[in-house]
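Per TrEMBL, the features are:
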type: DISULFID; residues: Cys158-Cys174; note: disulfide bond
type: TRANSMEM; residues: 21-45; note: transmembrane segment
type: TRANSMEM; residues: 65-87; note: transmembrane segment
type: TRANSMEM; residues: 94-118; note: transmembrane segment
Amino acid sequence: MAVQQKYRREEVSEVSCCLKYIIFSFNVLFWMFGLSVMAVGVWAWTEKNAFNNLSKLTHLALDPAFALILIGGITFIIGFTGCIGALRENTCLLGSYAVLLAVILILELTAGVLTFVFKDSIKSQATEGLQTFIVHYREDPDQQNLIDWIQEDWLQCCGIKGPEDWDLNNYFNCSSQKVGSREACGVPFSCCKRKLNEIVENKQCGYDVRKEGFYAEKWTSLNLPTQTGERNIYERGCMRAAEEWVEDNFIGVLTTVMTVTILQILGICFAQNLRADIFAQKGKWH
């Protein structure tokens, strides 16, 4: 007759409640943040009716809404595994949480090293890749709003290398004047320098600014003597503006990177320590 072996727990669980609820609390916020970001991305796709027209998403990597869905989804999964794993003392979920954080940390460190070692090559490839945003500027409202925000509000720049990059776009190409494009030889309004005390933004300020003899025509149309001067647009490209922004905010950028890295390492260590506590308690069952 087989004897059924009974297991009983001799002691009350000694899993660190402090460690457990630190992981739980942090990842609840992480989980909700990821869910919110993903919801915004899904809402943006719904507004564009993208789910019913997936064939139109030929440049998926350039879609800001897709980027939000991807980032939000990854954040949601990491937060979920950490939150539920800690709350339920599930070693499998905690292990997955630690592995995900470790993979992301390794990818970030690898990207940082490669960027430092192959700076010029990566800069050249990034420039070519970002110019694709200009080519498809009018095809996606989210992408268009993102470019306008970068040029007008964040970096105050125009184009990737300069205003002439907008010749890559069919609407702003100078040859488009032959087919009646009013924006031909111009730039988007986000390239224009805002005037002091300007209440209503002039959406047509970028018309014809790259056209040869633009200033002569302008002053003649106003019945004023011909004058020369700088164009009322940002002349520096966004790539150079971004480099200058990083140099000006280097301490803040470095602090942010170090903080994120330390939090990831702490998350991995805390998850592994909690798993060790759980395994130690399970070892006391007999």
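Cβ coordinates are placed from backbone N, Cα and C, and glycine is handled just like the others.
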Long-range Cβ neighbours of the transmembrane segment (94-118) (under 8 Å; 6 or more residues past either end): 27, 74, 77-78, 81-82, 85-86, 261, 264-265, 267-268, 271-272, 274-275, 278
Chain residues in Cβ proximity to the transmembrane segment (21-45) (below 8 Å; excluding those fewer than six residues from its ends, i.e. six or more beyond): 51, 64-80, 82-83, 85-87, 97, 142, 267, 270-271, 274
Per-residue Cβ crowding (10 Å cut-off), top of disulfide-bonded residues Cys158, Cys174: Cys158
